[in-house]
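The feature domain 'Fumarylacetoacetase N-terminal' is assigned by TrEMBL to B:28-127. The feature active site, proton acceptor is assigned by TrEMBL to B:H142. The domain 'Fumarylacetoacetase-like C-terminal' annotation in TrEMBL covers B:160-431. The feature region 'Disordered' is assigned by TrEMBL to B:177-196. The Mg(2+) binding site annotation in TrEMBL covers B:D241, B:K261, B:S265.
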Number of protein chains: 2
Amino acid sequence: MAQLDQTHDPKLESWVQSANGHADFPIQNLPFGVFSPRNGGARGGVAIGDRILDLSAALAAGLFAGEAAKAAEAASGATLNAFLALGAGPRQALRLRLSELLAKGSPDQAKVEACLHAVEACTLHLPARIGDYTDFYVGIHHATSVGKLFRPDNPLMPNYKHVPIGYHGRASSINVTGTPVRRPRGQTKPPDAAGPVFGPCQRLDYELELGVWIGTGNAQGEPIDIGEAADHVGGFCLLNDWSARDIQAWEYQPLGPFLAKNFASTISAWVITPEALAPFRMAQPGRPEGDPAPLPYLTDAADQKEGALDIEIEVLLMTSGLRAKGLAPHRLGLSHARHMYWTVAQMIAHHTSNGCNLQPGDLLGSGTISGPDLTSCGSILEATEGGKNPIVLASGEERRFLEDGDEVIMRARGRREGFAPIGFGECRARILPAG
Amino acid sequence: MAQLDQTHDPKLESWVQSANGHADFPIQNLPFGVFSPRNGGARGGVAIGDRILDLSAALAAGLFAGEAAKAAEAASGATLNAFLALGAGPRQALRLRLSELLAKGSPDQAKVEACLHAVEACTLHLPARIGDYTDFYVGIHHATSVGKLFRPDNPLMPNYKHVPIGYHGRASSINVTGTPVRRPRGQTKPPDAAGPVFGPCQRLDYELELGVWIGTGNAQGEPIDIGEAADHVGGFCLLNDWSARDIQAWEYQPLGPFLAKNFASTISAWVITPEALAPFRMAQPGRPEGDPAPLPYLTDAADQKEGALDIEIEVLLMTSGLRAKGLAPHRLGLSHARHMYWTVAQMIAHHTSNGCNLQPGDLLGSGTISGPDLTSCGSILEATEGGKNPIVLASGEERRFLEDGDEVIMRARGRREGFAPIGFGECRARILPAG
């Protein structure tokens, strides 16, 4: 696990004024991403307040040396795959140097200032070429609630508390925040129809998830031990795993969700590093009494002690009605990463336990992280109990599922006494009508 | 669909002697792949008999012009993705020119001869960087037989005859023929055990599938119409989708197979083009009486008329016992692509019907293609009826599932009166003990 050091000092301030007290990107965060400035190509950068530090420019200005330069070089291109492949050492060296450069009193302020772009003048891109995308199902409240809707008699499968359930998703259709999502068409079987029909999805949903970027990978045939698993994490993001519930209900047996999920997923743009999250680790919440102990290949003392994440996650809805009346987005759910039944290290150890090879830039999703009640749901399917009880918005609008023009916004933040709070940046997308 | 032309003339012979009468690679085939000669880097080539034509060398020798040169350039690198992206026109131009160059009487024989390598002196590689891998389930006899074993009361789901069922697989662990496969470890729940255990897979299986290489892709949000779907196929291969049946039985609900499949898949090395397969198209066999008609988005007159494949597929087993006694591999199953309930065009139209984007170099698997009886099974699970009735080999050995050291060999061939038969080249791999 990442150690605490001077980069976490809550008193540390940046000469980039907007960073101080910034909800997402104070100097204690320093996440990596890929952006294009106006009239420029895609390149790697670091978010600081409402600015982005251009790593190519900073390298050219001679601001890095040694391990930090190596990491900055790898993080300066049009994808972060090479940077993710470097692992923790170079990444930490670069973080330390970035913290120095951006801190008040840095002797290099003028040189660094010349490498900054205003974020509103930039286009954000996917931070990495995603080789494979795996979605897990570790939100136990979600698994239970959704299981009840799909299988009233059998909500949680007998394997759930033994196996970190996961499945492969679609890498090609993952988009960066801000990219609109077109409502899918698909085959569904309405309960009252004689046969299936084909048309626009009627039960469009979001899923509130954490994403995990794989840093260093493993060779095929060589599992990652649970004790080493955290070292293979390159960072975190938010993930909206859009879901077409009517398509899903008809297609998912026996091989799992396919077209119900692969039309689009949306992620936040910034790779939040394990170092930035070091203050927000927590012990595994502990399994409810009577739950089975995980098998040895999923058990590690350090992971039990600090493998969980003290991260609040939130999903909001903006509609045309709210926009027209100048109202704020409606909070659909406020949840927390502690509702993950399995840790990220357990997900990685399980994924590779059969020899499956992970590669730098692969993305893992947590699965929907809902809390135990209606205010903490990570999907509208849960919040409206399968569409039965609509959500009523301040604009007077009602929602059973998502409508065209709706915009779903996800946020995440770490907050802990004695540390500067940090955020993930938004994961946001608007729904376009079926084409 | 690809047209018949002079490249399909069964009387055409090559000055490469081994090509004439070659089971896989006569001059009527001309498949593309990636290989390394001894002491050389990976590059694109064309199989002809027991030789490989080096496309970079042939380009340098000035043997191509116009569209053919453009295609040869794209097919000469370390992956064929750029070539697949070009689509049918340039591929056909290159095929025509290759046929001329390699035919008896070519004025360029001496120049071409200098560009040939003996295949036994070369290493074969994956022909493309696989972005996403999707596995379908269109072998209806397999779906029915396996369904019976996993769900005796409910073998074929109600959706099967309406939906070309598919799911996402793992791209990173796909290997080229010849790469050994390590037996996976995993979590299983033996029927008589109180809880799950972790250890080497006890029910290791192969799956006999056709693979489909995507050529030109589609933009996200823009489905491929069934009438255009065949134009997006870049080629075909054999696919062994190794399966750990004991891991699968315990993990697969509710989200589908995961670790039971993603430890390894093996494909044949050569991209068999749609043009090479043009003589081996056939009408859809016709659905059994009483089966529902496909929905309009899955219906196309040309696809009904010639969308199916007249391809024989075969799986064989070589064991240490057979090897020691100098015996031939044991034929585990002889099947045929006509047992696909859905065509490749239907798979592509369905996959993209929700706007999911396919990319050049994506791979689709057909799912296991079994015939209707015990001699035509595409998996050992079917051939031994879930391990109950062992296969007895000429060596006296018995197999209920695959054992360490076993080698699984797959072959495919097109044969039709009036045309030269062609083959796919082997898909072969040996099983290593769990690590």
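Placed from the backbone N, Cα and C atoms, the Cβ positions cover glycine too.
Here the Cβ of B:H142 (active site, proton acceptor) has 27 other Cβ atoms within 10 Å, regardless of which shown protein chain they belong to. The Cβ centroid of B:D241, B:K261, B:S265 marks the Mg(2+) site; residues of that chain outside this set whose Cβ lies within 8 Å of it are B:D135, B:G169, B:R170, B:E207, B:L239, B:N240, B:W242, B:S243, B:N262, B:A264, B:G365, given in sequence order. Counting only same-chain residues six or more apart in sequence, the Cβ atoms lying under 8 angstroms from the Cβ of B:S265 (Mg(2+) binding site) belong to B:Y133, B:G169, B:R170, B:S173, B:I174, B:N175, B:L239, B:N240, B:D241, B:W242, B:G365. Same-chain residues at least 6 positions away in sequence with a Cβ under 8 Å from that of B:K261 (Mg(2+) binding site) are, in sequence order, B:D135, B:G169, B:R170, B:D241, B:W242, B:S243, B:A244, B:Q248.
Its own atom aside, the Cβ of B:D241 (Mg(2+) binding site) has 27 Cβ atoms within 10 angstroms in the protein chains shown. Sequence-distant neighbours of the region 'Disordered' (B:177-196) (same chain, 6+ residues past either end, Cβ-Cβ under 8 Å): 124, 202, 204, 242, 244, 246-247, 249-251, 259-260, 263-264, 266-269, 404, 425-435. Averaged across the domain 'Fumarylacetoacetase-like C-terminal' (B:160-431), the predicted model reaches a pLDDT of 97.
Sorting the region 'Disordered' (B:177-196) by DSSP state (H, G, I as helix; E, B as strand; all else coil) yields 0 helix, 6 strand, 14 coil. For the domain 'Fumarylacetoacetase N-terminal' (B:28-127), the DSSP-based tally of helix, strand and coil residues reads 44 helix, 24 strand, 32 coil.
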